[in-house]
Amino acid sequence: MKREYQDAGGSGGGGGGMGSSEDKMMVSAAAGEGEEVDELLAALGYKVRASDMADVAQKLEQLEMAMGMGGVGAGAAPDDSFATHLATDTVHYNPTDLSSWVESMLSELNAPPPPLPPAPQLNASTSSTVTGSGGYFDLPPSVDSSSSIYALRPIPSPAGATAPADLSADSVRDPKRMRTGGSSTSSSSSSSSSLGGGARSSVVEAAPPVAAAANATPALPVVVVDTQEAGIRLVHALLACAEAVQQENLSAAEALVKQIPLLAASQGGAMRKVAAYFGEALARRVFRFRPQPDSSLLDAAFADLLHAHFYESCPYLKFAHFTANQAILEAFAGCRRVHVVDFGIKQGMQWPALLQALALRPGGPPSFRLTGVGPPQPDETDALQQVGWKLAQFAHTIRVDFQYRGLVAATLADLEPFMLQPEGEEDPNEEPEVIAVNSVFEMHRLLAQPGALEKVLGTVRAVRPRIVTVVEQEANHNSGTFLDRFTESLHYYSTMFDSLEGGSSGGGPSEVSSGAAAAPAAAGTDQVMSEVYLGRQICNVVACEGAERTERHETLGQWRNRLGNAGFETVHLGSNAYKQASTLLALFAGGDGYKVEEKEGCLTLGWHTRPLIATSAWRLAGP
């Protein structure tokens, strides 16, 4: 057969039909060059040298495996959306050269994903940024309600992707033509992601020519999920769901909230965790399954446990205690009788350091009285008294005259000035008691009840303290629309979770000194429990409203206005507090990421460029 066409010249142009003149010309040219072409494949129109048969067979097997990596299988449900991402301008010339054709197919399947399209411009407002393990994602402050994001469909996981049963005419193409999602002129531009072009799945569809000739089975899609694209889709899905909630479009919100776990599963690290907590909070709000306040012994004990782990895992509470103690220590300079009122004593972890500093003071320690305020316990145990006993034992070991009183109050607004005065009558011959009031992450809870903050500040004024220390989250989660609050909290807690991830490798200063083999495991437990601690705050900010929403964080500027209107003025924190706080952070893993800044006499601690908590000190304004 080869000799019969020996005199024919030229080469095949691309036909695949048996018996065509172009096929004959191709086979003849190969024979004329002395190459042994497989006659069976040549009869079908494909030029394969006998010496290349093993290589071609191996490449075909690799191609079959690559096309099977999309998780498709028999009996799978159709998903026509995959075909819409294919381009129409990628042509593989000379498909009769089967070896080169298969090799080009493999290179296309293994090609890197196309560049991301620009995120949709949802409005003209300035966008913020959420950091994640995969990069930085822009957060538009609002989402257009007409956005096609409400039609968001999930990206199937490799184990759960489905094969289309009935492909449209668009899906069944000439097997010698392959489309990719990389061209701006392709049909995928008109059917990009439901995020308005913000993210796309990369889809490749192809079938080997021999298989296409022998079997008319439609080609199966291969899905390559890019985590950065999925991250952008995840952020926009969260924001679109929040806007649907704000507009009371519950059907759209319900559809979107079901997509968030699918998108979050493609992420890693902090982004996946924070998205899971926000997705849960949105689901609770959409389905009206609000978190109940701690009303059992187990819940109260668990909340205390989470607080203790958060203290150990990251420097935020340590920074709050250290800077507040430094301001109180300077205010108590030269005083012989001092009294501290702690609005949220918890386990009393703040005060051993202050007692120790007072014990080392030149001239000896003063007489120290501590009033600790805490909520009632569900089992009516006196947890406050147990904290007092531990502190009294510590004070005894360092020879500090110590007195303690615990005050049980459901809310700080229940306090009256007489409760904070010394028991019994003071000796007129003794030096008057100098009072300091301390509040760490407590003031913002008062904003849930109208007039409660003003009542508490009036009580504080009545006892005439020398100094009032206030530590609060540096965030605005208490004003604007629900979508504004949601966007701000998503930004804030994404940064907080990033800082936990960044500081998880080496733990806190206690691990450096102990050198225990169990330190890495303990650090991992602290981080997980700290994430749960923050997750509860997220749930309260997003899922709750009215008096139930107690996590009403405000910025330092807002607190400055509130305290100024109540008759207080700022006490500048000294340079010693700044220097020693910076030294403290150097002991933590990820210390390079933590930043201490001085802001109008106050100190803030943040992660990289984002402040997260702020310490301020106040005194009664002059007449």
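Any Cβ shown, glycine's included, is placed from N, Cα and C.
A quick note: this is a predicted structure, and the numbers were derived from the prediction, not measured.
Summarising the annotation, Swiss-Prot assigns compositional bias 'Pro residues' to 111-120.
In the predicted model, the domain 'GRAS' (225-619) shows an average pLDDT of 90. Taken from Swiss-Prot, the feature domain 'GRAS' applies to 225-619, supported by sequence analysis.
Feature annotation from Swiss-Prot assigns region 'Disordered' to 1-27 (among others).
Feature annotation from Swiss-Prot assigns region 'Disordered' to 109-138 (among others).
Summarising the annotation, Swiss-Prot assigns region 'Disordered' to 159-201 (among others).
Residues or ranges marked as region 'Leucine repeat I (LRI)' in Swiss-Prot: 232-288.
Among the features that Swiss-Prot reports, region 'VHIID' is placed at 307-372. DSSP places the residues of the region 'VHIID' (307-372) in helix, strand and coil in these numbers: 32 helix, 12 strand, 22 coil.
The region 'Leucine repeat II (LRII)' annotation in Swiss-Prot covers 386-425.
Annotation comment: Swiss-Prot describes 435-540 as region 'PFYRE'. Across the region 'PFYRE' (435-540), the DSSP tally of helix, strand and coil residues reads 67 helix, 13 strand, 26 coil.
The annotation motif 'VHIID' is assigned in Swiss-Prot to 338-342.
Long-range contacts of the motif 'VHIID' (338-342) within the same chain: residues 328, 332, 350-351, 354, 358, 366-373, 420, 422, 433-438, 463, 465, each at least 6 residues beyond the stretch ends and with a Cβ under 8 Å from a Cβ of the stretch.
DSSP states for the region 'Leucine repeat I (LRI)' (232-288), grouped as helix (H, G, I), strand (E, B) and coil, give 48 helix, 0 strand, 9 coil. For the region 'Leucine repeat II (LRII)' (386-425), DSSP puts the residue distribution at 19 helix, 7 strand, 14 coil.
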